[in-house]
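According to Swiss-Prot:
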| type | residues | note |
| --- | --- | --- |
| CARBOHYD | Asn19 | N-linked glycosylation site |
| CARBOHYD | Asn60 | N-linked glycosylation site |
| CARBOHYD | Asn75 | N-linked glycosylation site |
| CARBOHYD | Asn87 | N-linked glycosylation site |
| CARBOHYD | Asn125 | N-linked glycosylation site |
| CARBOHYD | Asn138 | N-linked glycosylation site |
Amino acid sequence: MRFCFFFCFTASIFCTTGNSSDIVFCCAHTPCLLHLEVDQETSVTWIDSNTGQIPLCLSNGTCHISEKGLHFSANFSKDGLYIAIINETNYHAAEHYYLVYIYENCHQMPYDSPRHTGHKGTSFNWSMGLWLVKCSHNKTFFLPFVLDSAKSAPIIMTETAITIYISMIFLIVSLLTFLNVLITLNNKYKHYGV
């Protein structure tokens, strides 16, 4: 049995320690998209990091490439790291996507967001905020996210969002610690009748 919290934690560690920039969570047995829009003059090559070759799913028909990115069919549900090699005039880059599938009580919703245009037409439809992920056994977790506007609406966790999330946790813990110190001092002064 898989729990999305386990995946979120594992993928978060991978994202902050590895080379990945985006972590995409998708519901199993539903279509999924690694979203990367580029202009017609831009060349994009997708690579499976496990093999260093083009993804095997392209040859067996469980995924395909379009101007929107790398699409996975509902029949595909294998976690893995995929790299998009972007080649433009005087510009070369690599976008890393770690794909994680959630199997139980996973809910995806369509979402539309403003377009953010990157270098020379490379664009990403992203919107940052907090996303409520419902897991098995009625567990819920608020996670930092960047939502793709595709109908499959995968949850994408970026390094920036993870940093914000960790900062929020640190701030909350600091406030609780400060509050605890105030309560302790208050009780101490009451004990001595000050």
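Using N, Cα and C of the backbone, Cβ positions are placed for all residues, glycine too.
Annotated features, which come from Swiss-Prot, shown on the structure.
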| residue | record | Cβ contacts under 8 Å, 6 or more apart |
| --- | --- | --- |
| Asn60 | N-linked glycosylation site | none |
| Asn75 | N-linked glycosylation site | His29, Thr62 |
| Asn87 | N-linked glycosylation site | Thr42, Ser43, Val44, Thr45 |
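Secondary structure at Asn87 (N-linked glycosylation site), as computed by DSSP, is strand.
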